[in-house]
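K.L.:
Handing you a structure now.
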Amino acid sequence: MGVRSPLSASGPRGAAVLVLLLLGVALCSAVEEKKVCQGTNNKLTQLGHVEDHFTSLQRMYNNCEVVLSNLEITYVEHNRDLTFLKTIQEVAGYVLIALNMVDVIPLENLQIIRGNVLYDNSFALAVLSNYHMNKTQGLRELPMKRLSEILNGGVKISNNPKLCNMDTVLWNDIIDTSRKPLTVLDFASNLSSCPKCHPNCTEDHCWGAGEQNCQTLTKVICAQQCSGRCRGKVPSDCCHNQCAAGCTGPRESDCLACRKFRDDATCKDTCPPLVLYNPTTYQMDVNPEGKYSFGATCVRECPHNYVVTDHGSCVRSCNTDTYEVEENGVRKCKKCDGLCSKVCNGIGIGELKGILSINATNIDSFKNCTKINGDVSILPVAFLGDAFTKTLPLDPKKLDVFRTVKEISGFLLIQAWPDNATDLYAFENLEIIRGRTKQHGQYSLAVVNLKIQSLGLRSLKEISDGDIAIMKNKNLCYADTMNWRSLFATQSQKTKIIQNRNKNDCTADRHVCDPLCSDVGCWGPGPFHCFSCRFFSRQKECVKQCNILQGEPREFERDSKCLPCHSECLVQNSTAYNTTCSGPGPDHCMKCAHFIDGPHCVKACPAGVLGENDTLVWKYADANAVCQLCHPNCTRGCKGPGLEGCPNGSKTPSIAAGVVGGLLCLVVVGLGIGLYLRRRHIVRKRTLRRLLQERELVEPLTP
């Protein structure tokens, strides 16, 4: 059946619909574009001079509607204009009002304090010591007339001698008493001089003088049927359970504020997910209606200077196990492959400017570094110490900090190394030497006068600029086997490999490349130090063959690399010709270790996975371990096909129904028996009366 577009309707009705649609669009835009501000976490710290402190406060909250962290109003002088605070509607953290001398703080549109962060670990609202030392000036009014909800945390009001009407506020209607929050209410001593609530205020609850400051109660007046807030006393006035601070109607789109997330004009438990399970392709597809969570709001795009996490949240910085990257124009937090990058200054840069060598004083600054901006120079003075600068000798164990380094932007110069070390083990993960600065303007790699037997730089793949010098290392072998040209980025780069151990002596002592290494050389002994492999490679080791038909773990071969099969692939041992997998991932298995879901091997069939139209996808495994869709009426999974496969419901409702039914039957039977006995009694009584009457008629008269 066709549906006529409201925009094509004619006459007044069509015009009215058009106006309503336009208003709806405008409303959604307004909701979506609420201005947010970061907030502060300074507590009672004053930011410079009092004038600068106020300017910072004004700049932060001007036109702000949603505060992402804490709202801290402190050190405001008398006669300051704070009208810029009127726009604030929501605070995610706590509200701190302290050490102010101003008469009025007009937070008149503040509706909700979420309390995600609490002041002093206890309070979502703290109003403290707002007065001048002479007590002639101080905070007198705090008209938060729309504040209806504090989701977490208590209230502390203390030492405000001029502040009125805090005692006339029904705080139990605002705070979540079920959490038993700490509440400290120390009201002013001169309450008798404070203005009374307007006569129209409910039970004399107000934020100040006048009817406009009456407190609107949204919880204690609610009917028992209400699960949260309400707008009146009857059951039909209950708010939706996603509402916070009250509502104008029963729907989730009628909330004054949202308990968890706001999606356009609707309150929801979660934002629309970014991906959904596709039962046709058996994969997770991008949800065109998906949104990111930004504070308590669902947004199409994260704001400027925010990055996106895997969970679909907008954050200011990535976690320590992720790094920031741009993909398709979106800044994302991507899982690090191993240790996350940490960039450190090298010799000659920043705090190490003017330093000649790595030493016991500065080596700890390279801990967990993956990239060094600058140079790395290890000179003999490092292990000798320096009496003049009172620098102790370097502990050789400290050199392990360089195991995380993958890139050096300058040069690597090593003129001293532990005598018992056979190679440059600390730099085994170094991949690139950029050579943007060079030793003596020429060398980007220099290894001189060491006792090592091999270089051991097995991860080095590129020397971008500069020459190399491997000199005067009397025990060093392998260096002249390398095809250094394959590491260079320019044709002008040169090598200087002289005065190391004689090649014939190296061969005689079997200090030669492993047979599994290719002819382009090696960094040291064994299959782990090959520059490239003759046959296949498994991670950093050269091997003769991959574990395709036997061995653990089972593998497949690609580009001369042995790569592991997915863990959901069933290992094949039945014949000598069966491979376990043909490629990466769970969709290239020859057989599945557990179950099959479409083309994929899975550990378990989908159970309650979110699919299209917010429906949950449930599947069961058939006799062939293939995942099949449950019957649509099986809303909690199934064990087989059809309705018969649905799990039996909980026995508790059945027992309850049986008990109620049994009691009802007893009542009915009891009533039936009672009625029967009563009727029988009435019949007997009537019979007896009739017999008596008949006896009177036939009885002879006595003379």
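Glycine too: its Cβ is placed from the backbone N, Cα and C atoms.
Reproduced below are the annotations present in Swiss-Prot:
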- CYS243-CYS255: disulfide bond (DISULFID)
- CYS258-CYS267: disulfide bond (DISULFID)
- CYS336-CYS340: disulfide bond (DISULFID)
- CYS344-CYS369: disulfide bond (DISULFID)
- CYS477-CYS506: disulfide bond (DISULFID)
- CYS513-CYS522: disulfide bond (DISULFID)
- CYS533-CYS542: disulfide bond (DISULFID)
- CYS546-CYS562: disulfide bond (DISULFID)
- CYS569-CYS589: disulfide bond (DISULFID)
- CYS592-CYS601: disulfide bond (DISULFID)
- CYS605-CYS627: disulfide bond (DISULFID)
- CYS630-CYS638: disulfide bond (DISULFID)
- ASN134: N-linked glycosylation site (CARBOHYD)
- ASN190: N-linked glycosylation site (CARBOHYD)
- ASN200: N-linked glycosylation site (CARBOHYD)
- ASN359: N-linked glycosylation site (CARBOHYD)
- ASN368: N-linked glycosylation site (CARBOHYD)
- ASN420: N-linked glycosylation site (CARBOHYD)
- ASN573: N-linked glycosylation site (CARBOHYD)
- ASN578: N-linked glycosylation site (CARBOHYD)
- ASN613: N-linked glycosylation site (CARBOHYD)
- ASN633: N-linked glycosylation site (CARBOHYD)
- ASN648: N-linked glycosylation site (CARBOHYD)
- THR687: phosphothreonine (MOD_RES)
- THR702: phosphothreonine (MOD_RES)
- 1-30: signal peptide (SIGNAL)
- 31-654: topological domain 'Extracellular' (TOPO_DOM)
- 668-703: topological domain 'Cytoplasmic' (TOPO_DOM)
- 655-667: transmembrane segment (TRANSMEM)
K.L.:
Measuring Cα to Cα, how many angstrom lie between CYS344 (disulfide bond) and ASN368 (N-linked glycosylation site)?
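P.N.:
Rounded to the nearest whole number, the Cα-Cα distance is 9 Å.
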K.L.:
Tell me the coarse DSSP state (helix, strand, coil) of THR687 (phosphothreonine).
P.N.:
helix
K.L.:
In angstrom units, rounded to an integer, how far apart are the Cα atoms of CYS522 (disulfide bond) and CYS605 (disulfide bond)?
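P.N.:
Rounded to the nearest whole number, the Cα-Cα distance is 48 Å.
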K.L.:
By a simple count, how many Cβ atoms lie within 10 Å of the Cβ of CYS267 (disulfide bond), its own Cβ left out?
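P.N.:
25, counting other Cβ atoms within 10 Å of CYS267 (disulfide bond).
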K.L.:
Quick check for you: of the disulfide-bonded residues CYS513, CYS562, CYS569, CYS605, CYS627, CYS638, which have their Cα within 10 Å of the Cα of CYS592 (disulfide bond)?
P.N.:
CYS569
K.L.:
Would you kindly give the Cα-Cα distance separating CYS513 (disulfide bond) and THR687 (phosphothreonine), rounded to the nearest Å?
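P.N.:
Taking the Cα atoms only, THR687 (phosphothreonine) lies 126 Å from CYS513 (disulfide bond).
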K.L.:
Pick from CYS369, CYS546, CYS589, CYS592: which of these disulfide-bonded residues has the biggest number of other Cβ atoms within 10 Å of its Cβ?
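P.N.:
When each Cβ's neighbours within 10 Å are tallied, CYS589 tops the list.
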K.L.:
Looking at Cβ-Cβ distances, which residues of the chain lie under 8 angstroms from CYS601 (disulfide bond) while being 6 or more apart from it?
P.N.:
HIS566, GLU568, CYS569, LEU570, PRO586, ASP587, CYS589, CYS592, ALA593, HIS594, PHE595
K.L.:
Of the recorded positions ASN359, ASN420, CYS546, CYS638, which one sits closest to CYS258 (disulfide bond) when you measure Cα to Cα?
P.N.:
CYS638
K.L.:
What subset of the disulfide-bonded residues CYS243, CYS255, CYS369, CYS506, CYS546 lies within 10 angstroms of CYS267 (disulfide bond) at the C-alpha level?
P.N.:
CYS243, CYS255
K.L.:
Within a 10 Å radius of its Cβ, which of these glycosylation sites (ASN134, ASN190) has the fewest neighbouring Cβ atoms?
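P.N.:
Each of the glycosylation sites ASN134, ASN190 was scored; lowest Cβ tally within 10 Å is ASN134.
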K.L.:
By a simple count, how many Cβ atoms lie within 10 Å of the Cβ of CYS605 (disulfide bond), its own Cβ left out?
P.N.:
23
K.L.:
Restricting attention to the topological domain 'Cytoplasmic' (668-703), give the mean pLDDT.
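P.N.:
Its mean pLDDT is 74.
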K.L.:
Roughly how many angstrom lie between the C-alpha atoms of CYS627 (disulfide bond) and ASN613 (N-linked glycosylation site)?
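P.N.:
ASN613 (N-linked glycosylation site) has its Cα 21 Å from the Cα of CYS627 (disulfide bond).
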K.L.:
Quick check: of the recorded positions listed here (CYS336, ASN420, CYS506), which one has the Cα closest to that of CYS630 (disulfide bond)?
P.N.:
CYS336
K.L.:
Would you mind checking how many other C-beta atoms are within 10 angstroms of the C-beta on CYS344 (disulfide bond)?
P.N.:
20
K.L.:
I need the nearest neighbour of CYS542 (disulfide bond) among the recorded positions CYS255, ASN359, ASN613, using C-alpha distances.
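P.N.:
So, of the listed recorded positions, the one sitting closest to CYS542 (disulfide bond) is ASN359.
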